[in-house]
């Protein structure tokens, strides 16, 4: 009986690992057919004979994003939406530009682990572990440093220098998704009831209304 339970446990663990990220491709490539109206978990493959080199190509990551906004950062994503050849390959990337003291505010990627490389500047990064510990793990990164954010955990980056900073992120999904915490909580459509947020954050309901007005 013990051996059977061990075997079952190993099978469950193996299945969990097998389904922990995007499905593996079953052919050389599956370039996304962005004109298809068929809804599947992912994107429908373009007919192979119609695939061109440009389906695997993206240009523009050398360009700085516009950081003239409230948080002082800009993310330039390269996901399957921008690069159809990523479909079924389980990877994507992004360029992140920071104005001096700019932040990439606390957010999470529901479908991907992220690995970040600092290209220029000094960037403070961190993530928070899940309940009940909610431990903050943080590190100051220099040019050339690499840091990983585990899938689904809330994380952030801040440019702590006086000049502009740049980082490149790689993500373990063709469509990692992003949930910016402040936007989701205070800028949902329709609004989350203010009394719920007031109780959750232990503040007066008028404080909630004030924050919601900014989103």
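Cβ from N, Cα, C; glycine included.
Worth saying up front: this structure is predicted, and the values here are computed from it rather than measured.
Annotated signal peptide per TrEMBL: 1-20, in sequence order.
There are 21 other CB atoms within 10 A of the CB of residue 30 (disulfide bond), with all protein chains counted. The disulfide bond annotation in TrEMBL covers 30-45.
Residues annotated as domain 'Cupin type-1' in TrEMBL: 59-209. Per-residue confidence over the domain 'Cupin type-1' (59-209) averages out at a pLDDT of 97.
In the structure as shown, the Cβ atom of residue 109 (oxalate binding site) sits within 10 Å of 23 other Cβ atoms. Here TrEMBL flags 104, 109, 114 as oxalate binding site.
Here TrEMBL flags 107, 109, 114, 155 as Mn(2+) binding site. Within 10 Å of the C-beta of residue 114 (oxalate binding site) there are 25 other C-beta atoms, taking all protein chains into account.
When Cβ atoms from all protein chains are considered, those within 10 Å of residue 107 (Mn(2+) binding site) total 20, not counting its own.
The Cα atom of residue 114 (oxalate binding site) lies nearest to that of 107, taking the recorded positions 30, 45, 107 as the candidates. Taking the Cα atom of each, residue 45 (disulfide bond) and residue 109 (oxalate binding site) are about 25 angstrom apart.
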